[in-house]
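Feature annotation from Swiss-Prot assigns compositional bias 'Polar residues' to 851-866. As annotated by Swiss-Prot, compositional bias 'Low complexity' applies to 874-887. According to Swiss-Prot, the feature O-linked glycosylation site maps to T700. The phosphothreonine feature in Swiss-Prot is assigned to T706, T865. Here Swiss-Prot flags K1097 as N6-acetyllysine, drawing on experimental evidence. Summarising the annotation, Swiss-Prot assigns repeat 'WD 1' to 1020-1061. Here Swiss-Prot flags 1065-1106 as repeat 'WD 2'. The annotation repeat 'WD 3' is assigned in Swiss-Prot to 1121-1160. The repeat 'WD 5' annotation in Swiss-Prot covers 1209-1249. Per Swiss-Prot, repeat 'WD 7' is recorded for 1299-1335.
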Amino acid sequence: MESEMLQSPLLGLGEEDEADLTDWNLPLAFMKKRHCEKIEGSKSLAQSWRMKDRMKTVSVALVLCLNVGVDPPDVVKTTPCARLECWIDPLSMGPQKALETIGANLQKQYENWQPRARYKQSLDPTVDEVKKLCTSLRRNAKEERVLFHYNGHGVPRPTVNGEVWVFNKNYTQYIPLSIYDLQTWMGSPSIFVYDCSNAGLIVKSFKQFALQREQELEVAAINPNHPLAQMPLPPSMKNCIQLAACEATELLPMIPDLPADLFTSCLTTPIKIALRWFCMQKCVSLVPGVTLDLIEKIPGRLNDRRTPLGELNWIFTAITDTIAWNVLPRDLFQKLFRQDLLVASLFRNFLLAERIMRSYNCTPVSSPRLPPTYMHAMWQAWDLAVDICLSQLPTIIEEGTAFRHSPFFAEQLTAFQVWLTMGVENRNPPEQLPIVLQVLLSQVHRLRALDLLGRFLDLGPWAVSLALSVGIFPYVLKLLQSSARELRPLLVFIWAKILAVDSSCQADLVKDNGHKYFLSVLADPYMPAEHRTMTAFILAVIVNSYHTGQEACLQGNLIAICLEQLNDPHPLLRQWVAICLGRIWQNFDSARWCGVRDSAHEKLYSLLSDPIPEVRCAAVFALGTFVGNSAERTDHSTTIDHNVAMMLAQLVSDGSPMVRKELVVALSHLVVQYESNFCTVALQFIEEEKNYALPSPATTEGGSLTPVRDSPCTPRLRSVSSYGNIRAVATARSLNKSLQNLSLTEESGGAVAFSPGNLSTSSSASSTLGSPENEEHILSFETIDKMRRASSYSSLNSLIGVSFNSVYTQIWRVLLHLAADPYPEVSDVAMKVLNSIAYKATVNARPQRVLDTSSLTQSAPASPTNKGVHIHQAGGSPPASSTSSSSLTNDVAKQPVSRDLPSGRPGTTGPAGAQYTPHSHQFPRTRKMFDKGPEQTADDADDAAGHKSFISATVQTGFCDWSARYFAQPVMKIPEEHDLESQIRKEREWRFLRNSRVRRQAQQVIQKGITRLDDQIFLNRNPGVPSVVKFHPFTPCIAVADKDSICFWDWEKGEKLDYFHNGNPRYTRVTAMEYLNGQDCSLLLTATDDGAIRVWKNFADLEKNPEMVTAWQGLSDMLPTTRGAGMVVDWEQETGLLMSSGDVRIVRIWDTDREMKVQDIPTGADSCVTSLSCDSHRSLIVAGLGDGSIRVYDRRMALSECRVMTYREHTAWVVKASLQKRPDGHIVSVSVNGDVRIFDPRMPESVNVLQIVKGLTALDIHPQADLIACGSVNQFTAIYNSSGELINNIKYYDGFMGQRVGAISCLAFHPHWPHLAVGSNDYYISVYSVEKRVR
């Protein structure tokens, strides 16, 4: 028993090795990013890193009140005492000379940090001299910053009244100088440095006076009679910065080994004072022999990093920058450390001042106030760097040995690398990021730093934002001037990451000629494709909606470089090269003609059939912008436009909705260019549409829609959220609004009546008569669909490329097909384009006859209009005659019908004139279905000036921006599905173990033998008549389709899990369903008899709403009929191929990975295909047909030879033809006459014939258990074994007092369990199994 328990978890991986490994190896369909994400760009980054108000300190006032030789009365100095001022002993020379020398030295010290500023000294000044100095500097500085340095060592301490001291002319008195006056003279922006005792008092007084000014300004603004109201506004003090040597109650330190102006020394000569202070801390030195005299002999220059002194200065800068970035709030760091070079230097040095002066019980003060930094751990790294440097001094000076560079930067990069390697999610940013920035321009560390920076940026947009905020941008911009080839991949990667997050850097790149760097990289054939892809992306950003960038890259030969790489094997490179081309000639005619000369459009044609949907989409985008220029055109350009349009038209049947949506946008550019031609075509189609009949909803005499009631109950349709939402029908109120807006009257003066074929609302788009604010249309879905079906799809295919003059007609047909697209986002956009032209054509039509077909197609190609389509809503009533040539007049009043309105849905009827309006999908599931609809938000204004062109604004996709998101996301990180510890991976393992258990347990039941299959384990009333039923292979979920909705049931618990509308038009029905990815993340595919295929996810999920993953027109020539086979499909999970057929003469094979049609196999018969079955291992397809024939196709062979066998033994409609999925598997087929025939595909005749009940309506064959179940019109289900022996009949429901089952409408076996689901015309769905004791 113990051994069994130990082995039981392994059973799923041991006994059924092949099946379980298959689960892991099976490809997943429709699970790529384009299916799982909304096709839109990322939210743009708020540019907090870019300094909008970068400043310079242009003027410096150096005010020294020293009065050398005379001590102020309120200061008692120690003996000995600190005497040095600017490293000068004032008593070593005469007082006046000392004062001048100190002033000159202070200026030199400041000039080290800002050599270009204008310096003015004021030595022992009077109040008037200070005023004159300050007002002069402010006047010259204008809006730039001015620095005021005040040394008050020779005057009394500041007063609590807000005064500092200066002198009278004769130096006989100390004269107070009000900080209020100083504020007035200095203005803003300014920075003040106070080096005196009690300096914190000045900071407090400054703030009080600043607040007082603000209050005075507020009073003056309220009261115009206030004296201040008549005066010029005093400057605001908000942009003023203050640095003070100590708190309000503190005195400056007087230790004789320190300079008297310790604060000034820290701010202006930080390395010198830091080294002296370090030597005074006896406990920290590694080498006791280093003296203050030795420090003065450190070789090198501060600005030369290769020397000991320069390296120390570099390390100091990196450490103080790092401390500030890690401690300060981001906005304060930006303001103090990145806005102004001199301010940044002073604040870096202020951090040192805080560290040194606090050790002498003195606390420097700043405004804005900084958090304490003197205990930060990075100071220990500084101490170590100083110690390592000083330890070498004796040997360097005495023996002349070479200086060994500090390991500081290498060690900090290692720490950064450890953070990248060993860190966890949701961590604090790495402390070393500012140090990485410091070493980018160092040749020694550059390569490693760039590599680590790239790895950091790859963590995501947050990392890019951090790097930009620390100031990385100017460094990586400067590096583009480097010619080192080894830097190319790293710089390309870093710039791709930056531009993916903040595309505004395009201007900086072009300004600094950075685009030339990337042009040379893209043109480099030795550069790996991945890096050329990133380069193509970078260049695509540079030229995106930026004319200067377009011109610069055009001159750099970008078009030719891109064209050379259109057929590169790397799909992402093909995609971005195409996007790059599309962007460079977007609204830039010079680039377009350069493309014409290089035959760019013809070279792009090959990408329209690319196996990767994103590449096809990029090619469509590029060709769309190619024809979308609004410059003057010639006959030559018109011919090119027509050729491009006809090539694009072939993509109308592309399997990817992303491609088709981009196609609509591309064609809309053509519509804009040739507006008048399309208006003419639109009028003709509208006129012709009246001649075609279309099944229309029943109407009462009052004109209200009468929905058919399928059921006595009104089930609640579940909310459907999708990238293409199933949209609500517009309400009667919005319809009335559209009638009022048009105010159309016939010439007789009577009101115009509307029909669904003429003016109607539609849920398929969101523009009101060409205005995007409302949901009303000239053309309803039904009108468009009638036009589309009247000009049949096959005729479209035959027309492509036939006549130069019929291009507009053909493109209009293409747009009609796209407006009826099964994917709502595609149809929405196409409806906008069609309605914009229809509105313009009908409202602006003159009272003249519409051109007939011959005159239209024979006319010469008209020149395009010079401007885009400008759709204006009717301002008041148009002329009465304006509708005489359109179909906007009709005698029969009908309510408009939505394309998504389920005709067979249970519903209610409203009062006459009201519209049947399911709003349920727009609200949470708890909302009542027929509650008040969504509020209309349309603007009712009739002012025509308020309506504007909208095609270019609203008819667009987010494809390019969505594609750019790839570069913003981590590319080095292991995908979550491959990470053994990720939640996704663990969920997959659990699902595969569950699958193994289901297969094993089901097989055990089947092996026991099946003697009866009539134990009813589930019975429930479905909301609609079941038409297709499908078991999920591994969960207790069953999908039941009625005409146009899907219901999901848990057959174990007997609960309804979900119910939602499939979205197919009301005259169509669901005829087939398949579970995709059933072994993992299941999707449901539905096929309708108009040839449309839809794929859903999140069904039967209580936490999420169903979403449409994709949809496409699987078969194009099908016309829905009540007696046809509809659409039949068969799904191959192993290959990702979908076989489709039905009321057509072909079997069409779709590759769901490529989202392309890969093969059309002609059936060779005149009847419909009723059943499909395939075997991926043998590449065989078996089709059962309506004429009774069974046809076998080998899809590896040429189309003319691929039909390898035809069996004509059945004489009636084939209900089911099944190809057994094993190497020697037979074909089992059944006709409505009940004859079961078994064929060996290698033999020309059947190998066995069985006879079962006649009059079959539904049939299924169990893939594992050799069971055949058939449903009859005579209200019973019969189950047979493979020998044709009847196992049992099912005629009555359990628990209903023997109620008879209805006529069987559908049935299906479970793929593994011996379970049978049966749907009948009385709405009931039931599941039967073997006896309980066997289960």
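In case you wondered, yes, glycine gets a Cβ from its N, Cα and C as well.
Of the candidate ranges 1121-1160, 1209-1249, 1299-1335, 1121-1160 has the most C-beta pairs within less than 8 angstroms of the repeat 'WD 2' (1065-1106). Segment contact holds for the repeat 'WD 7' (1299-1335) and the repeat 'WD 1' (1020-1061), given three or more CB pairs below 8 angstroms at sequence separation of 6 or more. For K1097 (N6-acetyllysine), the same-chain residues lying six or more positions away in sequence with a CB closer than 8 A to its CB are C1081, S1082, L1083, L1084, P1106, E1107, V1109. Within the repeat 'WD 5' (1209-1249), the DSSP-based counts of helix, strand and coil residues read 0 helix, 20 strand, 21 coil. Summarised by DSSP class, the composition of the repeat 'WD 1' (1020-1061) is 0 helix, 24 strand, 18 coil. Helix first, then strand, then coil: DSSP counts for the repeat 'WD 3' (1121-1160) stand at 0 helix, 23 strand, 17 coil. Residue counts for the repeat 'WD 7' (1299-1335) under DSSP, split into helix (H, G, I), strand (E, B) and coil, are 0 helix, 18 strand, 19 coil. This prediction places the mean pLDDT of the repeat 'WD 1' (1020-1061) at 95. Helix, strand and coil counts under DSSP for the repeat 'WD 2' (1065-1106) come to 0 helix, 19 strand, 23 coil.
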